[in-house]
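TrEMBL annotations:
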| type | residues | note |
| --- | --- | --- |
| DOMAIN | 30-468 | domain 'Major facilitator superfamily (MFS) profile' |
| TRANSMEM | 28-48 | transmembrane segment |
| TRANSMEM | 69-91 | transmembrane segment |
| TRANSMEM | 97-121 | transmembrane segment |
| TRANSMEM | 199-223 | transmembrane segment |
| TRANSMEM | 287-312 | transmembrane segment |
| TRANSMEM | 324-345 | transmembrane segment |
| TRANSMEM | 352-373 | transmembrane segment |
| TRANSMEM | 379-404 | transmembrane segment |
| TRANSMEM | 411-434 | transmembrane segment |
| TRANSMEM | 440-464 | transmembrane segment |
Amino acid sequence: MMQSESFNNNAQLTGCGASWLCNPRRRFHRYVALFFICFLTFGSYFCYDNPSALQDVMLSSLGMSKVQFMNLYAFYSWPNVFLSFVGGYLVDRVFGISLGSIIFSLFVFVGQIIFGIGAYYSSIPAMYFARLIFGIGGESLAVTQNTYLTQWFPPNELTLVFGLQLSMSRVGSTINMVTMQQLNRAVGKHFNIHTNQQLGASLLIAAVTCLYSLVCAIIMLFLTRRAKRILGVTGESLHEKLLQTNSNASRRIDNDEQGVEQSSAVVNKENHEKISLQDIIHFPGGIWLICIICVAYYVTVFPFVSLGLVFFERKFGLSVQDAGIVNSLVYIVSAVASPVFGSAIDFIGYNVYWLFSGIIVTMLCHICFAFTTGQIPPIAIMIIMGFAYSILASSLWPMVAFILPLHQRGTAYGLIQSVQNLGLGVISIFAGYLVDTKGYLFLEVFFTFCLSIAIASAFGLLIWDQRYLDGALNESGASRRSKTAAEIADNISRASLEPVIA
């Protein structure tokens, strides 16, 4: 068996397979795969905020209250309190990453189709059901995307690739915010339909983006199987083989070769390990702190954008078109800034310090929205919030790879998505209630309180990192780049030594 793997890993490729583009041993090929990984969630991000982009249309065409409108987001989030975690478990234990991404992409596509049909026939219950189906696929697909990244890329490149992934996802959100109003008007004019039928047809056209993401999932299945065949690996061990290949290509001294051999022993052990549901309660404290930070931060961004169109119209007197542009700036800025900040964080390191800065700047933005009335242009505040959002996402999500081994990461990302959706499900309804009964000032004060919780949790993560990982989460970029694969694995194993009360 070992001889066979060695032969495959050293086998000579010919033709296109030996080129820098097609050879999975080459760094560039991994970035070709990254292109398709990034677009796995393009459709789900585009369609997730269809209600936000068409908020005024939905309220008028379907006669919805703001609470009913926010229920479109709540029905997306509620099932994923459990199903994101289950999806991560299925990726780790049952489907694998490649098949799981195809299955979850199908859920997204079918859910969006039903959503459009429900709007066409003015059936709000059908639209709620559609968002539930859409959510089952969307959040679990995000889990497979995150797991794909940690499978194809070594830890010292993760911050950059997570930034690129976030950027491409937010391209979907941005295009949605900018184009859906225009698409809706064009559909009404071209097909001579109005109100709910016009809305439903627009949502059905938007489903094409979900179909594109499904195609990307199928392509990734092919690329992953091909890479495993060429590198001579089985199961989900592609990550470790790529890590070894990268180490051998970039390190030539004997000490590093010894480190790679040591990491191989860790790899062989991991490949035979399977996660069980009981392992979840033994996840290190750092994972749970990341969960808290994630939910406390994201509930101040997504619900705000969902309600932002009318907010900017009322508070700042903007037109529908201008309000839509300002409301989309968080996504527009993050689409551009995320890979830049991801690359900077990879090079500089100190993820936790970056995390602090992202949370604090976002809090200042919400304070400005709460207590200023035009002194600071809303466009400037939203641009700054977009930068802060990019910093947080680029620094937070890669931390999981520094805490857990590969075979547990899908479940961990699923757990984080589940906790996030619990928060989004509750806060989406509560945000709609606050706006209907108290107004936007109370909503902004509540968001500031949530961000205070995120800051406290980030401080706890910094302390935990120093105690159990010797500062690995907040390590400098130069220090990370100097480590061998064995040293990276040793850092991860130390996190498992944290005492757990069970």
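Placed from the backbone N, Cα and C atoms, the Cβ positions cover glycine too.
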What stretch in 28-48, 199-223, 411-434, 440-464 has the biggest tally of Cβ pairs under 8 Å against the transmembrane segment (97-121)?
199-223
With a Cβ cut-off under 8 Å, give me the same-chain residues at least six positions beyond the ends of the transmembrane segment (199-223) that come close to it.
32-33, 36-37, 39-44, 46-47, 50, 54, 57-58, 61-62, 98-99, 101-102, 105-106, 108-109, 112-113, 115-121, 141, 148, 172, 176, 180, 183-184, 187, 191, 193
Ranking 28-48, 352-373, 379-404, 411-434 by Cβ pairs under 8 Å to the transmembrane segment (287-312) puts first 411-434
Do any residues, 6 or more residues outside the transmembrane segment (440-464), come within under 8 Å Cβ-to-Cβ of it, and if so which ones?
284-286, 289-290, 292-293, 296-297, 299-300, 304, 307, 311, 314-315, 352, 355-356, 359-360, 362-363, 366-367, 369-370, 427, 430-431, 434, 473-474
Segment-level pLDDT (mean, integer) for the domain 'Major facilitator superfamily (MFS) profile' (30-468)
85
